[in-house]
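> Pulled from TrEMBL, these are the listed features:
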DOMAIN    13-469  domain 'Aldehyde dehydrogenase'
ACT_SITE  Glu245  active site
ACT_SITE  Cys279  active site
Amino acid sequence: MRNYLKHYINGEWVESTGSDVEEVINPATEEVIGKISIGTKEDLDKAVKAAREAFPSFSTMPKDERVKMLERIAEEYEKRKEDIIETITDELGSPLAVSEKVHYMMGYNHFSQAAESLKEFSFIEDMGGHTRVKESVGVSGLITPWNFPTNQTSTKIASAFAAGSPVILKPAEVTPFAAIILAEIFEAAGVPKGVFNLVNGKGDVIGDGISSHPDIDFVSFTGSGRVGKKIMQNASETIKNVALELGGKSPLVVLEDADIEQAARTAVNHIATNTGQVCSAATRILVPNSMKEAFEEAVLKVLPEFSVGNPREDNQVGPLISKKQWDTVQSYIEKGVEEGATLLSGGTGKPEGLDKGYYTKLTVFSDVTNDMTIAEEEIFGPVMSILTYEDLDDAIKISNDTEYGLAGYVVGEDKKALRKVATSIRAGRIKVNDAEADFAAPFGGFKQSGIGREWGDHGIEEYLETKTILGYPS
Ligand code: ADP
């Protein structure tokens, strides 16, 4: 049982000022795996005070010391590898291999990438007529979701530390334990007191408190559009800087000359990875009219390669995070059927033999049109929609006919067509033919997918203000 009834404030584990606790459930077993304290506004105030006090010295800490600090964090993070993997599997339900290759590695890469980006980063530049100085934005409040417990937290924290901004983190209440390990890692790495503060609690108390706190200068949020809008409204009261990474409904354009089986595997992989609980997942698969049947056949052939089941056994897909998420996904599947899409595979209910745990079937719809609910809304579950297109212009039009713009994908051979699709999709990150991840590359959304960019040097920029000095004596 993991009972963490304390917050980490000013370099110490402190009792909550409130008495509320919340149970954390393992979504694969539906069993309680631990408890956390539900923080109060008073706890948040203490954390903000500690961060403010840490600000003058941390924001002026020499760059090479900050680089070393990030490198020490990466080393300490590696030492906790097994614990991180096990914890994420228990709180999120991701298969052990996914917890290692995706969750553990993403956290590690953000800390080591931030150290590398910081080495190259210039905080003062002589521009001829003026000198441009980049300074820490101040104290940052970080609000994170549950779907990537180390990735979402680490990218924000690593960038903030690189920029010299002390932080207050409020992780999602359903996956709090990975963040507790991070606090222990920062302590072991000698992060100065007050630079990292962790307050567990509810979104409408601690999250709301962060976004409206007069002593917090910047809020970085990842989560739903609904909450993102509230955060922006709250932040407007004190003209706080905000970075928002919200949802997506990303297209995958399959070109006519694509390897059909490979394209089908890519498409299934998108709904299988993290049980489809990925904001940048491709969930609208656009195939040429002429390829429709062959593609559907290929998807059906590939699907059995992905087994849904116990994340501690050799399965590729675990459960959804919660009963609430399970219900949401079921209702989207029902809507898909109601609105006339063809259910090619999966459907509502639990996969055979998996009665306990929030498991759902990998579900594929074809004959989907872009105005159906399953093509318009982010489902956050393993549901694929196959749509068809006439020609490339049509594919691009359908791709962009969405309020979102987080990511886009294209697979095929013809370089001209690949370039056309990649440059025409209105989204923050485009991937051509399953290209490898690059942690130096900016990540963030166009349109209602958000504001700002994380990862690498762009991530560091988020936590900086630009100052112009005229007549700086050199
Ligand atoms: P998800 O659907 O991915 O859980 P949410 O947007 O609901 O996304 O939650 C993401 C994070 O935002 C969580 O840490 C949650 O506690 C927090 N949150 C929820 N409501 C609010 C709010 N009103 N203000 C600020 N943060 C909130």
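Every residue, even glycine, has its Cβ placed from backbone N, Cα and C.
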> Provide the number of Cβ atoms within 10 Å of the Cβ of Cys279 (active site), excluding the reference atom itself.
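Summing over all protein chains shown, Cys279 (active site) has 25 other Cβ atoms within 10 Å.
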> Taking 10 A as the limit, how many CB atoms besides its own sit near the CB of Glu245 (active site)?
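Summing over all protein chains shown, Glu245 (active site) has 28 other Cβ atoms within 10 Å.
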> Within the domain 'Aldehyde dehydrogenase' (13-469), what mean pLDDT does the predicted structure show?
98
> Determine, to the nearest whole angstrom, how far the Cα atom of Glu245 (active site) is from the Cα atom of Cys279 (active site).
9
